[in-house]
Every structure is written in structure tokens, then in C-alpha cells.
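Asker: Here's a structure for you.
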Amino acid sequence: MNLNNQTSVTEFLLLGLSGKSQQEEVLCGLFLGMYLVTITGNLLIIFAISCDPHLHTPMYFFLASLSTVDICTSSVTIPKMLVNHIVGSKSISYRECMSQIYFFITFSNMDGFLLSVMAYDRYVAICCPLHYTLIMRPRLCVLLVAASGLITNLHALLHTLLMAQLTFCSNNAVHHFFCDPYPILKLACSDTFINHLMVFTEGALIFLTPFICIIVSYAYIFSNVLKLPTARGIRKALSTCGSHLTVVSLFYGAILGVYMHPSSSYSVQDTVATVIFTVVTPMVNPFIYSLRNRDMKGALRKLILRS
């Protein structure tokens, strides 16, 4: 498909978060620091899990997969913004923008699917402990991650191809630091009915399926935990759920605030919420999972001492 034949616009202008040069310099410095922390923290999680045989379990396999996706999510958006700031440009080519939309949709949805898989893992561990090793076999774990990747890539491909069919006229200024699908849809001068229809049907299905799986998993978990006879047993059962629930709340809270309404009502508040799940959440995930987990802290300590 020749994308350039579909539009009179050959590039978009990423105006950033503030649109003011002095504030953009501060924001770029802040984003650079956050990006470096994200890469370092998530790589440490991946290396610690791979180097410690005690962490070669389904729960930590899913956590390593989540850290990998978090690195990819940040790498889709932040490096282009930093490069543009360094070279003094705000432009992103049409093809680069479509590519950014594709990978952004893929990895942001992959996050949600992995969080639902992790919730299912906790459900099996707490509600079916005697059958845990039988159910959560390595083959099933790999299959769950692979299926999540396949579904999210097909989902992203559908919406990117629909976006590529739109016509964009003279207005090519995007009030964001990357090609977020909603601000791009607002710039189209052709009919976006099909795009919005797919967002609120197929897109809602892809978004709500893992979200509902998380809710159902924790409903069963809490119903089983409350039957335990002692408070100590309840705390022990929920000890591995606290970190996961914190990440789920941060991730889905931001997404619900941004994408559960038409693109025409996209505002500055939505831009800030987008920053939370594209920049902040990938950065804080390693801290949330390591600071509240004795096994992870021990593995990180061994890794640092060994290096």
C-alpha cells in the first residue's frame, strides 16, 4: 500500500506537552531521566529473574515479560521526542507516525493482557495451590504470552490500516509529544466514522476482556482469602497481590480516563493521563514489584554484588 497516495500531508508536527520552548526543555530533561530510569529498572528486573534459578516460576516469567513490554512502550515514544529536541525539529514523517501508532497500540494493549495473565496466575496460586504446578506449566505460560502478543499485533494492525485510509489536509499540528491515535484522528478531514466504530466495538472488546479477567480473578481470590481462619493467613495470601493491584490501578485508571470517550473531546487532561501510562507506569513498575517483594530484592542484591 502506498501511504503517501492517501494524504496530502507528508509529515506531522509534534508540538509537545506545553508548546513553550523553555518548558519543553525542562520536560525533555525530565523525560530523559525517566526514560533512563525505566530502561535501567526494567533491565535489572529481567536480569535478576534470568540469573536467579529460584525465580524461574510462572509469576516471575510474566513479570519479566511485562518489564520487556514496558521498555518497548517507553522506547516507542520518548526517543523520537528527545531526538527532535536535540536537532531542533518538531516534525515526524507520515510513515514514522503510522509506525509509532502501530507499536504504541501493540505494546500498550500488551501491558493489559499481561496484567490479566498475572492476575490469573495469582488466582491459580491462591485458589488452587495443590494444582498450581499442574495448571501453570511452562508451555501454557509461553502460550499465554504468545497469544497476547498475536492478539495485540492484529488489533494494532487493524487500527493502523484504518488510520492510513484517512485523508489529512493542511492542519498537521499534533498537540502531543508522540502520534497518539486520538489527536491524529482529530486532524483528519475525511470521515472517521468507521475508525470510531471500531474503537468502540473491537477496541472496547480488546480493552475490556483483560480488564474483566482481572476483576473476575480478584473476585475469586478475595472470596477465598476471606474464608481463611487467621489474619496472618490472609496477609500471606495477599502479599503477592498488592504490587499487582497497584500497577493495575495506575494503568487502567489512566487508560479509562483517556480512551473511553470520543476523540473529539480529547483535552489537555487526557494528554497528562497518557503520560502516566506511557512514561510513568513503565518507570515505577520495577520499584513497585521489587520494593514489596523479598525474593526480588534478594535477587537484585545478588545481581548487584555479582556485577
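Note that Cβ sites are derived from N, Cα and C of the backbone, with glycine treated the same way.
Remember, TrEMBL labels are computer predictions, not curated facts.
Features from TrEMBL:
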TRANSMEM  30-49  transmembrane segment
DOMAIN    41-289  domain 'G-protein coupled receptors family 1 profile'
TRANSMEM  101-120  transmembrane segment
TRANSMEM  140-158  transmembrane segment
TRANSMEM  204-226  transmembrane segment
TRANSMEM  238-260  transmembrane segment
TRANSMEM  272-291  transmembrane segment
Asker: Six or more residues beyond either end and a Cβ under 8 Å away: which residues meet both conditions relative to the transmembrane segment (272-291)?
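Answerer: 17, 31, 34-35, 37-38, 41-42, 44-45, 63, 66-67, 70-71, 73-74, 77-78, 104, 108, 111, 176, 178, 180, 243, 246-247, 250-251, 253-255, 257-258, 297, 300.
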Asker: For the transmembrane segment (140-158), could you work out the same-chain residues 6 or more beyond its ends whose Cβ comes under 8 Å from its Cβ atoms?
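Answerer: Same-chain residues near the transmembrane segment (140-158) but 6 or more away: 58, 61-62, 65, 101-107, 109-110, 113-114, 117, 120, 198, 202-203, 206.
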Asker: Would you mind listing the long-range same-chain contacts of the transmembrane segment (101-120), meaning Cβ under 8 Å and 6+ residues beyond its ends?
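Answerer: Those are 59, 62-63, 65-66, 69-70, 72-73, 76-77, 144-145, 148-149, 151-153, 155-157, 159-160, 163, 178-181, 184, 206-207, 209-211, 213-214, 217-218, 244, 247-248, 251-252, 255, 277-278, 281, in sequence order.
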